[in-house]
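Trainee: Pulled these from TrEMBL:
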type: ACT_SITE; residues: 309; note: active site, proton donor
type: BINDING; residues: 214, 242, 243, 244, 245, 338; note: pyridoxal 5'-phosphate binding site
type: BINDING; residues: 245, 280, 284, 310, 338; note: substrate binding site
type: DOMAIN; residues: 20-336; note: domain 'Orn/DAP/Arg decarboxylase 2 C-terminal'
type: DOMAIN; residues: 26-249; note: domain 'Orn/DAP/Arg decarboxylase 2 N-terminal'
type: MOD_RES; residues: 48; note: N6-(pyridoxal phosphate)lysine
Ligand SMILES: Cc1ncc(COP(=O)(O)O)c(C=O)c1O
């Protein structure tokens, strides 16, 4: 966690909890790390990681494009002023609306199956997503390049799909590969890029190689970048990348307050956030760093549990920390990616506010509210 403790207390007082907070300096630093590793590669932010408009505007101003996988994400890209080569339209089952809006904006499409060649708007710019059929070092639900995964065309199909695109009057820019998310071992990328470069003889030179995202926060970024650049140069191609999590995860913290404690077979620290605010622990068994913002001598082992009537509603297990006191704050780290983005209104819970920490801005305050907390009326607003 990169934010000062006093600032976290201040944010919780001002905006209430649960609350997502983001450190602007860490957002900028993450982008700088990507640029330093990947050099001139074009960066497309996979906005599924965190689609908040303020964050998108900031990335857009820094020259970053967007990878979009739904009509709503394309609308967000347009809303922040992105167009043409700044937008990638991706997804395994794109709707007619996505083709139409993508075409209107001059976006590049990522073709996920052969059938799509006939569905693309006339004279589209397109990449072909290849499934390299690899097992990778991440949770099964996060792996997207395994032989049994629903994404991309096979290595055998890829040259034919490029040809079909050209024959149909589209611009076949090149190949795309994304093997999954939160991948720990850089060798997985080496293997994936290696499988793609085996296609070089059949495809000939290409304009673009899109190496996707999926980099674990502790993965060897420079190693991944070196392999991606080598693969691109094997095709004589420009390198594009699509990080989501890497750009925003560390900048974000979920702030939650202790509601109480309970001892059954285990010690539970009950807090006011849970699976509706951070689904990753329940969905992927993800482990997020937990920082209790209080002191004490009586240290125990605690599970951090949310308020939902679901046994799986746990944010963390086996956390060593001082005896919790009611009203104290817990900071759940690395929550900037797939935290707010995957939050839900299950149980008619209002989604939390989001705030950006950038000292010296935001009407003289260090914090700027970038999404207000929902009300129950917001949650049922579309119901009739
Ligand atoms: C095609 C594609 N690109 C990029 C990403 C971003 O992945 P990550 O957030 O792990 O970097 C995803 C995530 O699912 C994806 O599906």
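Glycine residues also receive a Cβ, built from the backbone N, Cα and C atoms like all the rest.
Where the annotation comes from TrEMBL, it is an automatic prediction and has not been curated.
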Trainee: Should any of the recorded positions 48, 280, 284, 310 have a Cα within 10 Å of the Cα of residue 244 (pyridoxal 5'-phosphate binding site), which are they?
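Mentor: Qualifying among 48, 280, 284, 310: 48.
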Trainee: Which secondary structure state does DSSP assign to residue 245 (pyridoxal 5'-phosphate binding site), in the simple three-class scheme?
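Mentor: Residue 245 (pyridoxal 5'-phosphate binding site) sits in a helix per DSSP.
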Trainee: Just name the winner among 242, 310 (the binding-site residues) by count of other CB atoms within 10 A of its CB.
Mentor: 242
Trainee: Looking at the recorded positions listed here (48, 284, 309, 310), whose Cα lies nearest to that of residue 214 (pyridoxal 5'-phosphate binding site)?
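Mentor: Out of the listed candidates, the nearest Cα belongs to 48.
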Trainee: Which of the recorded positions 280, 309, 310 has its Cα nearest to the Cα of residue 338 (pyridoxal 5'-phosphate binding site)?
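Mentor: Closest by Cα: 280.
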Trainee: Measuring Cα to Cα, how many Å separate residue 280 (substrate binding site) from residue 245 (pyridoxal 5'-phosphate binding site)?
Mentor: 12
Trainee: Round to a whole number and give the Cα-to-Cα distance in Å for the pair residue 245 (pyridoxal 5'-phosphate binding site) and residue 48 (N6-(pyridoxal phosphate)lysine).
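Mentor: Distance (Cα to Cα, whole Å): 9 Å.
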Trainee: Would you count the other CB atoms within 10 A of the CB of residue 284 (substrate binding site), including those on all shown protein chains?
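Mentor: The answer is 16.
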Trainee: Let me spell it out: for each of the recorded positions (48, 245, 280), count the other Cβ atoms within 10 Å of that residue's Cβ, using every protein chain shown. Which one has the most?
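Mentor: Result for the most crowded candidate: 245.
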Trainee: Any of the recorded positions 214, 244, 245, 309 with a C-beta atom under 6 A from ligand 1? Give them in order, or none.
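Mentor: Those recorded positions that pass the cut-off, since their Cβ is under 6 Å from ligand 1, are 214, 244, 245.
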Trainee: Among the binding-site residues 214, 243, 244, which residue has the largest number of other Cβ atoms within 10 Å of its own Cβ?
Mentor: 214
